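Asker: The following block contains the structure, expressed as structure tokens.
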Amino acid sequence: MHHIFPSPAKINLFLHVTGRRDDGYHLLQTAFTFIDLIDEVKINVREDGQLLSSQPLDGIPFENDLCYKAALLLKTYTGSTLGADIAVNKNIPMGGGLGGGSSNAATVLIALNLLWNTNLDNETLQRLGLQLGADVPIFIFGHSAFAEGIGEKLQKIEVPEKYYLLAMPQVNVPTVEIFKDPLLTRDTPTIIMPDFRECTQQSLKNDLQPIACKQFKEVAEAVELLSQFGKAIMTGSGACVFVEFDDQQTAESAKKILPKHLPSKVVRGYNSHPLHSMAKTA
Ligand SMILES: C[C@@](CO)(OP(=O)(O)O)[C@H](O)COP(=O)(O)OP(=O)(O)OC[C@H]1O[C@@H](n2ccc(N)nc2=O)[C@H](O)[C@@H]1O
Ligand SMILES: Nc1ncnc2c1ncn2[C@@H]1O[C@H](COP(=O)(O)OP(=O)(O)O)[C@@H](O)[C@H]1O
């Protein structure tokens, strides 16, 4: 029997680079919230222990798929003898700073932990998830959060659930190229940030954005086009850029003004991960 689990995208409402660790990874302060752009992860438990996909993603061999890596990690860690068929219906563009791959990995960890009865607690799953990527823990944490470290130290926050016009420039921004750019600002002063609503406009910036705009003209164009509606902020290391709206209609009207070559979508922010909301209502 197939089980279907939601796997939402995230946006970084701001992203500050505050330093660098000894291993070269950058220290960040960021705020994550979820949006209703959602992949569907379909899972079927296998008794024979194999991990397979009936529907590999375009250009990604299953061994490199974060879903497979998450399943293998959980299987190795717990010693479960069970396996799974895993397939994803993709709606989240890849490599856009929306965390789709990380979200898929988190959903697989949560879902298989239930289906295989391996009973790991949420914190252990977050720790395992971090081995797959810095963005995985937030999706297991399951609530809007202020994040520090490389994104793994999470504090719950309530963010006003706004609408966003999300522009998706058709370019793949390699995260590593942005972080290694000599012009990157790496010394944004740290902030204390428990209440998102008190965040000043000045804090609402992404330090990776000027670098992505410099390296990719498509990102710079998206920022310029969205800036006519408000403060345009890039998510993660790009390429997607968003601007906030209080209501859906105004966001839809703004979308109509954008040129056809820039794909865009009106989305809504959510504090709660849809898997957690499902668990509460079940
Ligand atoms: C920038 C963020 C913000 O949410 O999001 P995305 O753009 O991926 O969605 C994340 O921190 C992305 O973390 P993660 O997904 O682990 O990045 P990876 O692709 O593994 O990182 C590629 C490379 O970027 C550099 N890197 C990444 C994260 C970080 N905090 N410092 C770094 O210096 C490292 O050189 C790393 O090897
Ligand atoms: N299940 C998956 N979904 C999306 N991307 C995946 C997946 N498995 C591996 N990847 C790889 O991870 C990269 C980063 O994906 P993703 O998390 O969607 O974007 P980003 O890190 O920009 O937010 C993709 O470019 C892709 O090569």
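Including glycine, each Cβ sits where the backbone N, Cα and C put it.
Whatever TrEMBL says is automated annotation, not expert-curated.
As annotated by TrEMBL, active site applies to Lys10, Asp135. Annotated domain 'GHMP kinase N-terminal' per TrEMBL: 66-142, in sequence order. Taken from TrEMBL, the feature ATP binding site covers Pro93, Met94, Gly95, Gly96, Gly97, Leu98, Gly99, Gly100, Gly101, Ser102, Ser103. Here TrEMBL flags 198-263 as domain 'GHMP kinase C-terminal'.
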Asker: Spatial neighbours of Asp135 (active site) among the recorded positions Lys10, Pro93, Gly95, Gly99, Gly101, Ser103, defined as Cα within 10 A: which are they?
Answerer: Lys10, Gly99, Gly101, Ser103
Asker: For ligand 2, which among the recorded positions Lys10, Pro93, Gly95, Gly97, Ser103 have a CB under 6 Å from it?
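Answerer: Among Lys10, Pro93, Gly95, Gly97, Ser103, near ligand 2: Gly95, Gly97.
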Asker: Around the C-beta of Lys10 (active site), how many further C-beta atoms are within 10 angstroms, looking at every protein chain?
Answerer: 27
Asker: Compute the average pLDDT of the predicted model within the domain 'GHMP kinase N-terminal' (66-142).
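Answerer: That region's mean pLDDT is 98.
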Asker: Checking the recorded positions Lys10, Pro93, Gly95, Gly101, Ser103: which ones have Cβ within under 6 Å of ligand 1?
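Answerer: If the test is a Cβ under 6 Å from any atom of ligand 1, the answer is none.
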Asker: For Gly95 (ATP binding site), list the number of other Cβ atoms lying within 10 Å of its Cβ atom.
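Answerer: Within a 10 Å radius of the Cβ of Gly95 (ATP binding site) lie 17 other Cβ atoms.
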Asker: Around the ATP site (Pro93, Met94, Gly95, Gly96, Gly97, Leu98, Gly99, Gly100, Gly101, Ser102, Ser103), what further same-chain residues have their C-beta within 8 angstroms of the site's C-beta centre?
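Answerer: My list of surrounding residues reads Ala9, Ile92, Gly236.
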Asker: What is the separation, in Å, between the Cα atoms of Gly101 (ATP binding site) and Lys10 (active site)?
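Answerer: Here the two Cα atoms lie 11 Å apart.
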